[in-house]
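Taken straight from TrEMBL:
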type: DOMAIN; residues: 13-184; note: domain 'Reelin'
type: DOMAIN; residues: 224-340; note: domain 'DOMON'
type: DOMAIN; residues: 344-549; note: domain 'Cytochrome b561'
type: REGION; residues: 174-200; note: region 'Disordered'
type: SIGNAL; residues: 1-22; note: signal peptide
type: TRANSMEM; residues: 381-404; note: transmembrane segment
type: TRANSMEM; residues: 425-444; note: transmembrane segment
type: TRANSMEM; residues: 456-475; note: transmembrane segment
type: TRANSMEM; residues: 487-508; note: transmembrane segment
type: TRANSMEM; residues: 520-540; note: transmembrane segment
type: TRANSMEM; residues: 577-598; note: transmembrane segment
Amino acid sequence: MHMRLQSVLLVATAVFWTTIEGYRNGQVSVACESMVPRHNVLASEHTSPYTITADKSKFSPEDQITVNITASAPAATFFQGFLIEARDARNLDSAAVGSFTLVNSAISQLLTCGTIKGSAVSHTNDAELPEIQVIWNAPKDSPPSIQFLATVVQHFNTFWVKIPGPVALQNGVTPVPTQPTTSSTRPETTTPPILPNSVSSEGCGSSKSCLWDPAGCNPATDYNCFFLSFAAEGQGQGQGVVFELSGPAEGYVSFALSLDKWMGNDDVYLCVREGERVLIDAAYVAGRTRPEVSETKLSDKAWRLADGVIQCRFRREVHIPQDPRRFNLDQSYYLFLAHGRAEFGLMGRHDRQPLISTNMKVIAGTPENMSGSRSLLLLKFHGAFMLIAWMTAASTGIIIARYFKPSWPDRTIFGQKVWFQVHRALMTLAVLLTSIGFILPFIYRGKWSNRAGVHPYLGCTVMALAVIQPIMAMFRPHPDSPRRYIFNWMHRGAGTSAVIIAVAAMFLGVGQQTLLLPKVLSTVGLVGFVVWGTVAWLVLELHKRGLFKIGKHSPGDDDVILSGSSPSNCQGPMFKYMVLAVFITGNVVFLIVLLHSINSV
Ligand code: HEM
Ligand SMILES: *[C@@H]1O[C@H](CO)[C@@H](O)[C@H](O)[C@H]1NC(C)=O
Ligand SMILES: *[C@@H]1O[C@H](CO)[C@@H](O)[C@H](O)[C@H]1NC(C)=O
């Protein structure tokens with residue numbers, strides 16, 4: 001209610017700019033109203049380093065006011081985009097009023113906001129400007145006060161929306177009280193107070209509910225403690241819940257309320273570090289996307305930054321009927337606890353699999369110590385079993401059957417040929433591991449998961465082929481039977497298809513969002529396995545066709561072991577054994593890399 005804000009508020013609207021290619025030219029009329037460049041990025045809440053000045057604070061109809069946007073060094077020396085409007089100061093959400101005249105048409109252009117031609121000005125390209133000057137023409141029917149508003153984009157995702165500029169009053173009009181600060185005016189100008197004491201686990205289970213990792217840790221004393229607590233407060237209408245969040249993180253700590261264990265459709269609360277302060281916001285996650293920050297009112301905000309630990313506290317009403325995206329806190333939800341990096345106000349994906357509460361919990365309910373887990377143990381075993389089965393057991397079993405039938409001719413294991421016993425053992429192991437591994441994600445999810453993409457379909461095909469193989473093998477005709485070739489082809493065909501589809505399933509499997517494996521490790525492991533296996537297969541295939549023949553030794557594959565086969569004699573079985581040994585060694589190394597990556601999340 002300051003006197004200076006009375007009367008005609010001249011609203012110069014925000015600058016709009018975006019990294020989306022089509023907006024580089026400043027043709028941003030779509031943003032006339034909101035003045036928000038990109039909805040999925042947080043506006044910067046540092047104090048804006050730009051100043052908007054006007055050469056007059058009073059005007060008469062059809063007067064001209066010169067308005068400047070200037071970067072104030074050292075905080076900023078330039079900006080790349082802007083959008084400026086004048087609005088009725090009593091209602092900053094109203095349409096732009098008056099029209100502009102350009103001072104420099106190379107770097108600025110007129111836009112038509114609403115029905116008025118030239119009622120906003122924007123940039124023409126993404127050149128770096130230290131300042132911009134425009135002239136505003138007061139309309140005949142001006143509101144009693146106007147305010148200039150500007151959105152300024154510094155660089156990429158760093159921008160300030162609706163920076164309040166000077167207010168100008170119409171001469172001879174009685175000043176009226178201005179509208180209280182509108183909710184849409186970001187950035188917030190008030191910084192929440194600093195938390196006097198560290199968030200702590202005192203009172204957990206008795207006066208507040210706590211979710212923590214590791215269980216029972218105290219954020220006041222343990223550096224590596226991710227912690228969320230919440231406690232209902234007040235009664236009836238004004239009932240609210242006080243949340244406390246703490247954890248070592250580079251960019252943000254956050255929690256989400258969710259009706260399921262999926263990310264998506266969640267009510268999210270963020271404590272984002274920006275320089276030496278923490279911004280506390282409510283957001284909504286529609287899918288596997290960045291949170292969209294909402295304008296929801298959170299009260300009693302406070303934060304603390306120390307040694308890389310971000311802490312924050314705020315209060316939320318149990319019911320927020322104005323914002324349907326805010327969940328009611330008197331119902332039960334799973335709680336997610338996540339943290340990660342943030343850059344330019346742009347939140348990165350969480351660093352680790354979020355901690356997910358084991359059970360659902362009524363947020364405004366009785367205090368409780370909650371347990372949670374990041375390790376989706378069932379899915380980890382699923383991945384590990386499938387990798388052991390298809391990467392190592394099945395691929396080795398197939399290579400043995402294809403290239404090592406003639407080997408070890410003099411030896412048997414339990415009355416059967418060596419290659420056959422080894423092949424059968426490895427394939428049985430693969431089928432067993434596949435069968436157990438197959439049911440684990442269904443137990444985890446409790447149903448068919450329609451968010452896992454093609455992976456489950458490939459997985460089911462592999463499972464089907466894996467079941468058919470041993471059944472076919474049981475009913476195979478005798479080796480001398482004239483119909484034996486049919487079995488041979490079917491068995492080979494199904495086996496080869498199964499491995500190829502399994503490899504595809506593994507590639508899609510390691511990319512599943514539910515089990516966020518470190519990308520580099522899992523890619524190295526899988527690509528390495530494929531390259532390694534392909535090379536081994538090629539070498540053995542060429543060898544079988546006699547392409548490595550050196551000298552005149554030539555009895556072929558089915559040869560007996562030559563006691564003195566020299567290293568240069570690639571035709572000898574020694575060479576094949578070496579290839580097999582090298583293949584298995586490399587394969588196991590890549591398997592270990594992948595198992596390690598599963599173990600690390
Ligand atoms: C040939 C090998 C594989 C087969 C046959 C297979 C099969 C399946 C099937 C049938 C499902 C669907 C479950 C459902 O709909 O609820 C599934 C889910 C899943 N698989 Fe695999 N899988 C294989 C390899 C892998 C690997 C190597 C990984 C990771 C290391 C992996 C990770 C996952 C994950 C995380 C899910 C759960 C998706 C979700 O519901 O969020 N899979 N798999
Ligand atoms: C705007 O910038 C111009 C050019 O730098 C300067 O001459 C003028 O005084 C500035 N006006 C205001 C109102 O700051
Ligand atoms: C909850 O955990 C805290 C801290 O570890 C402990 O002091 C308290 O006794 C626990 N309360 C219940 C009800 O288990």
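Placed from the backbone N, Cα and C atoms, the Cβ positions cover glycine too.
Owing to the predicted nature of the structure, the values given are computational and were not obtained by experimental measurement.
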Look over the recorded stretches 381-404, 425-444, 577-598 and say which has the most C-beta pairs under 8 A to the transmembrane segment (487-508).
381-404
For the domain 'Cytochrome b561' (344-549), mean pLDDT (0 to 100)
86
Same-chain residues at least 6 beyond the ends of the transmembrane segment (381-404) with CB under 8 Å of its CB atoms are 419, 422-423, 425-427, 429-431, 433-434, 436-438, 440-441, 444, 459, 462, 495-496, 498-499, 502-503, 505-506, 509-510, 515, 517, 529, 533, 536-537, 540-541, 543-544, 576, 580, 583-584, 587-588, 590-591, 594-595, 598
Per DSSP, how many helix, strand and coil residues does the domain 'DOMON' (224-340) have?
3 helix, 70 strand, 44 coil
Near the transmembrane segment (520-540), which residues from the same chain, at least 6 beyond its ends, have a CB less than 8 A from one of its CBs?
391, 395, 399, 402-403, 503, 506-507, 510-511, 576, 579-580, 582-583, 586-587, 589-591, 593-594, 596-597, 600
